[in-house]
Structures are given as C-alpha cells and as structure tokens.
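Q: Copying in the features that Swiss-Prot gives for the protein in this structure:
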type: BINDING; residues: His10, His58, Asp143; note: Mn(2+) binding site
type: MOD_RES; residues: Tyr18; note: 3'-nitrotyrosine
type: MOD_RES; residues: Lys28; note: N6-succinyllysine
type: MOD_RES; residues: Lys28; note: N6-acetyllysine
type: MOD_RES; residues: Lys35; note: N6-succinyllysine
type: MOD_RES; residues: Lys35; note: N6-acetyllysine
type: MOD_RES; residues: Lys74; note: N6-acetyllysine
type: MOD_RES; residues: Lys82; note: N6-acetyllysine
type: MOD_RES; residues: Lys82; note: N6-succinyllysine
type: MOD_RES; residues: Lys90; note: N6-acetyllysine
type: MOD_RES; residues: Lys90; note: N6-succinyllysine
Amino acid sequence: HINAQIMQLHHSEHHAAYVNNLNVVEEKYQEALKKGDVTAQVALQPALKFNGGGHINHSIFWTNLSPNGGGEPKGELLEAIKRDFGSFEKFKEKLTAVSVGVQGSGWGWLGFNKEQGRLQIAACSNQDPLQGTTGLVPLLGIDV
C-alpha cells in the first residue's frame, strides 16, 4: 500500500515538473533546430533525456497502479513469469534485488525482450527510460 500523500507528491510535483520542464526544453530544442544551432541541440540532450524519461517512466508507473492491486498476476503474464523466472516468488526476489541495488535515483523494471520472446528484469539510473536504454518493452516499473 502506498499512501495518498506520497502519490499526490509524485503526481502533482514530480511528474508535473518533468512534463513542464520537458515542454520548456522541447521549445528550446525547436528554436535551436530552426537556427541550425547544433551546439545548443547537443547541450539540450541531457535535459530532454531526464525530463522526457521522467515523463515516460511516471506515465507507465500510473498505469501499473490499482486500488485493489497486489498479489499474483493471472493468465499469460503469470505463465511467462513462471517460465522465465521459475516462480512468482523468485521473480519478486529478483526484481526486489535489482531495484534495491539501484544507487541513488532510478527504476527497477520488468520488461519484455521482443528479440528473445521473454521477460527480463532490468534497472535504469535516474530517469533513463527502459525501452530507450535497453530496448526492453516496459511492463512494470518501480520508482526507486
């Protein structure tokens, strides 16, 4: 269970800041493109990655939440977890270990590897988006 105050902070302050900052950076980037200012375009890349990633990651995070969530998944997802991790319990242990192993800010992820047709656990630093960083399709994100 995550309390309402934490969720309100995450939505109204953290996620909102990523969106607002991304909008500002995108405007500056468009100006740099129009001017042909490659130096400015390159200089804006870290802010695009951080704020764009923060927006992407938190948008995924909100879709993962449910007022009656928790417990084991059902159907194809549970079968894929058992196939790729041995059991739901082993999956939780591995995802927890990877997530708590993130130093500083970051994310623990369950993703789908399209090339291998299997689930994978990964971590990303800061607000680096999973798909843009690893190529995995994000299924579940844990903000650490």
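Every residue gets a Cβ built from N, Cα and C, even glycine.
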Q: I'm trying to understand the geometry here, so how far is the Cα atom of Lys28 (N6-succinyllysine) from the Cα atom of Lys82 (N6-acetyllysine), in Å to the nearest whole number?
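A: So the alpha carbons of Lys28 (N6-succinyllysine) and Lys82 (N6-acetyllysine) sit roughly 47 Å from each other.
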Q: Got a sec? Which of these recorded positions, His10, Lys28, Lys35, His58, Lys74, has the most Cβ atoms within 10 Å?
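A: The largest 10 Å Cβ neighbour count belongs to His58.
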Q: Write out, in the order they occur in the sequence, the residues of the chain not among His10, His58, Asp143 that have a C-beta within 8 Å of the mean position of the C-beta atoms of the recorded Mn(2+) site.
A: His11, His14, His15, Asn57, Phe61, Trp62
Q: With Lys35 (N6-succinyllysine) as the reference Cα, tell me which of the binding-site residues His10, His58, Asp143 is the closest one.
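A: Comparing Cα positions, the candidate nearest Lys35 (N6-succinyllysine) turns out to be His58.
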Q: Quick check: in three-state DSSP terms, what is His58 (Mn(2+) binding site)?
A: helix
Q: When the Cα-Cα distance from His58 (Mn(2+) binding site) is computed for each of the modified residues Tyr18, Lys74, Lys82, Lys90, which gives the smallest value?
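A: For His58 (Mn(2+) binding site), the closest Cα among Tyr18, Lys74, Lys82, Lys90 is found at Tyr18.
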Q: Say you check the Cα of Lys82 (N6-acetyllysine) against those of the recorded positions His10, Tyr18, Lys74, Lys90, Asp143; which is nearest?
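A: The smallest Cα gap between Lys82 (N6-acetyllysine) and any of the recorded positions is with Lys90.
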